[in-house]
Amino acid sequence: MATVTKLNLKAESGDSGDHRLREAEQNEAVAATSDARIKRVVELGNGSQVIYIPRFLNYDQSWDYLEYLNKNIHWNRPTIRVFGRSCVQPRDSCYVASEGLPQLVYSGYQPHAYSWDEFPPLKDILDAVHKALPGSRFNSLLLNRYKEGDDYVGWHADDEKLYGPTPEIASISFGCEREFLLKKKPDKTPQGKNTSGEQPKKRLKKDGSPDKHSFVLKHGSLLVMRGYTQRDWLHSVPKRVKADSLRINLTFRLVL
């Protein structure tokens with residue numbers, strides 16, 4: 001497994017590459033400054049919305065968080081049930097939650113809930129998210145670690161009842177860039193019929209379809225799903241052969 005850390009990059013560059021490395025880091029810092037305020041807002045329709053901020057956290061600070069999370073979080077790769085069959089979850093995970101919340105259960109698995117006080121940096125990240133999203137009040141966190149390109153999360157919606165009908169989920173990524181895909185849930189109306197009274201439209205090409213969206217989640221980025229996104233849409237992080245480096249993702253949620 002290859003990991004993504006600044007120390008590794010420096011070691012691989014060698015002494016002859018020090019100048020190029022410093023130049024690359026300076027360019028990255030300039031890019032981070034120039035697009036720090038860029039925000040992409042995607043209106044999915046029917047009260048669903050996605051917000052994406054590629055440079056939410058400071059570049060160097062994000063490396064520190066990646067190293068801390070990789071070494072200090074109590075990672076677990078549990079056995080879950082998918083379509084009635086038992087299998088090993090294709091990524092590591094950990095769950096953090098405030099005291100007194102209902103237990104989280106997904107795919108037949110109930111993770112142990114760790115305390116925020118056990119991982120102080122997580123509280124700092126949570127504070128930054130709350131400042132960026134006025135009115136939000138997250139009290140739980142599901143962490144996922146993707147060690148390489150074969151680690152993934154399949155199509156699903158975070159529509160557990162304990163999150164309520166319109167859950168807001170804030171997702172922060174560290175390390176290797178990976179694709180985050182969204183697709184609209186299948187229409188439950190009978191085939192060939194619609195309830196709008198309009199003529200059915202021709203299926204659009206994949207790249208231009210309003211029913212599919214793709215985001216490349218950068219190191220230190222923030223993606224937020226709001227409104228009825230979990231009711232009407234599915235999301236995934238698919239396998240990618242070339243993604244041979246470490247990625248850690250934090251998804252903040254509100255348990256009601």
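Including glycine, each Cβ sits where the backbone N, Cα and C put it.
Because TrEMBL annotations are produced automatically, they should be read as predictions rather than curated entries.
Fair warning: this is a prediction, and the values are worked out from it, not measured in the lab.
The Cβ of Phe83 (substrate binding site) lies under 8 Å from no Cβ of any same-chain residue at least six residues away in sequence. For Phe83, Gly84, Arg85, the entry in TrEMBL reads substrate binding site.
Counting residue by residue with DSSP, the domain 'Fe2OG dioxygenase' (137-256) contains 10 helix, 50 strand, 60 coil. Taken from TrEMBL, the feature domain 'Fe2OG dioxygenase' applies to 137-256.
Annotation source TrEMBL lists 2-oxoglutarate binding site at Asn144, Tyr146, His156, Asp159, His235, Arg247, Thr251, Arg253.
According to TrEMBL, the region 'Disordered' annotation covers 185-213.
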Which residue, of the binding-site residues Arg85, His156, His235, Arg247, Arg253, has its CB surrounded by the fewest other CB atoms within 10 A?
Arg85
Would you count the other C-beta atoms found within 10 angstroms of the C-beta of Asp159 (2-oxoglutarate binding site) for me?
17
Taking the Cβ of Thr251 (2-oxoglutarate binding site) as the reference point, list residues of the same chain whose Cβ is under 8 angstroms away and which are at least six residues distant in sequence.
Leu141, Leu142, Leu143, Asn144, Asp158, Ile169, Ala170, Ser171
Rounded inter-Cα distance in Å - His156 (2-oxoglutarate binding site), Gly84 (substrate binding site):
15
